[in-house]
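K.L.:
First, the structure itself, so that you have it in front of you.
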């Protein structure tokens, strides 16, 4: 007897053999599709798990290979730390000699762009730029009956650009000649009073170099009233050349003084110093890992993307900021208007942050790295995944972080004997906040310490409260929320002050008038 509920029917097969199948065979076709979907999802999950395990093993093997390669060529002046150091005992002193190691590696975005899903996000930003261009053309055609893109803001921002470039020439020549010649003077053997004279002459060269870098760009910017973008070029080069000069002397002087008595005159080669002045790092080394060739199409692509980011920023300011803040200073001040302006500025503010990151830290630095065959392209890390502000500060700008860590934090620990980690970290925040505020003051032409307060006070508190112990998606959402608000505050307050100083010029220039925010009292 057949089991109850089973109904079989016979069908002739291809070979003439009778064949049995369930009478509900037609229903199995309908159930096969959901089963196939579930099986596909299961196999995708297995594939992702295998890829993650393989990636972890590969990273472990590569880290071990890098460590063995570094260990086979240790620096002569200090031993390398172990990759898995043992915990320090109470009688041991912490080591402050950890140096940055340069290896050949690509930028993170270049690796992510190889994934189609991430490349689609990049395409979305390009589509946003296309929408801005189309809207500008449509508005011009509707209002004025012509299809012409207006670049008034771009032309104004980069006004007097040739003067800024001419000013850069003596700044660069002073940096190229003075620190290296001072080092050469100090490298000569002691010979009574002659060495003292050479030491004084070297210090005079460095003082003249610092005076040229500090005074010349400020004088040119104030006397000729340079617009913001031209000022931006001068102040970035001023800070960059000062940091590179300090790194060169900090790294080369100790070895030069040690080798002076034993081997006579020794100094790094001039070609290595010249290469350092252009390569995208602030940490001096005699040699760097190099790539085998230059991909000029990659260079052109990055410069084109940087130019696109500049145009993107002009469209954002022209469409989302100028209409809101141009006439805001004409109205009486109110808390409601201030809060609304900050909320309006959050979106353009975060867009400006992303554009500055992509244009400078990725496109500009990668273009120069490719032209100079500079191998280490880790100019940033995955800061967007940060769940703490301490990790965000370390990963946002690795180039500047390496300089601050090596010459402010580690040297601070060395001076304090390893007992003042909090003081050394506070010194890093103080130096970074002051330099950022100086850049904003130089570029905008007025003193309004919004960046100083946000970076030093609020940023310092968030660095100690939102530390690396906090993990999870909620902390990442909180970090992005605070970034949105912080950018909104910056864009709103700086735009208000810019237009207030435009609408309400001082009848007489005074010291306190230059320091007092004009947006607090301007109602023109």
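Here the Cβ of each residue, glycine as well, is placed from N, Cα and C on the backbone.
As listed in TrEMBL for this protein:
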type     : residues : note
REGION   : 1-33     : region 'Disordered'
COMPBIAS : 11-33    : compositional bias 'Basic and acidic residues'
REGION   : 73-93    : region 'Disordered'
COMPBIAS : 77-86    : compositional bias 'Pro residues'
TRANSMEM : 121-142  : transmembrane segment
TRANSMEM : 154-178  : transmembrane segment
TRANSMEM : 199-220  : transmembrane segment
TRANSMEM : 264-283  : transmembrane segment
TRANSMEM : 303-326  : transmembrane segment
TRANSMEM : 338-361  : transmembrane segment
ACT_SITE : 436      : active site
TRANSMEM : 438-462  : transmembrane segment
TRANSMEM : 474-495  : transmembrane segment
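Neighbours and distances for these, please.
P.N.:
The list of residues near the transmembrane segment (121-142) in space but at least 6 beyond its ends in sequence, with Cβ under 8 angstroms from a Cβ of it, reads 113, 148-150, 308, 311-312, 315-316, 318-319.
Sequence-distant contacts of the transmembrane segment (199-220) (same chain, at least 6 residues past either end, Cβ-Cβ under 8 Å): 163-164, 167, 170-171, 174-175, 178-179, 181-183, 185-186, 226, 234-235, 237-238, 241-242, 245, 249, 442.
If you look at the transmembrane segment (264-283), the same-chain residues 6 or more away from its ends with a CB under 8 A from one of its CBs are 100, 102, 172, 175-176, 179-180, 183-184, 187-189, 240-241, 243-244, 247-248, 251-252, 255-256, 365-366, 368-369, 372, 374, 376, 379, 399-400, 402-403, 406.
Note on the transmembrane segment (303-326): residues 128-129, 132-133, 135-136, 150-151, 153-154, 157, 341, 344-345, 347-348, 351-352, 355-356, 358-360, 363-364, 367, 491-492, 495-496, 498-499 of its chain, located 6 or more positions outside it, place their CB under 8 angstroms from a CB of the stretch.
Listed in sequence order, the residues of the same chain lying 6 or more apart from residue 436 (active site) and placing their CB within less than 8 Å of its CB are 451, 452, 455.
Proximity of distant same-chain residues to the transmembrane segment (474-495), defined by a Cβ-Cβ separation under 8 Å and at least 6 residues beyond the stretch ends, is recorded for 321, 324-325, 338, 341-346, 348-350, 352-353, 385-389, 392, 440, 444, 448, 450-451, 454, 458, 462, 466, 519.
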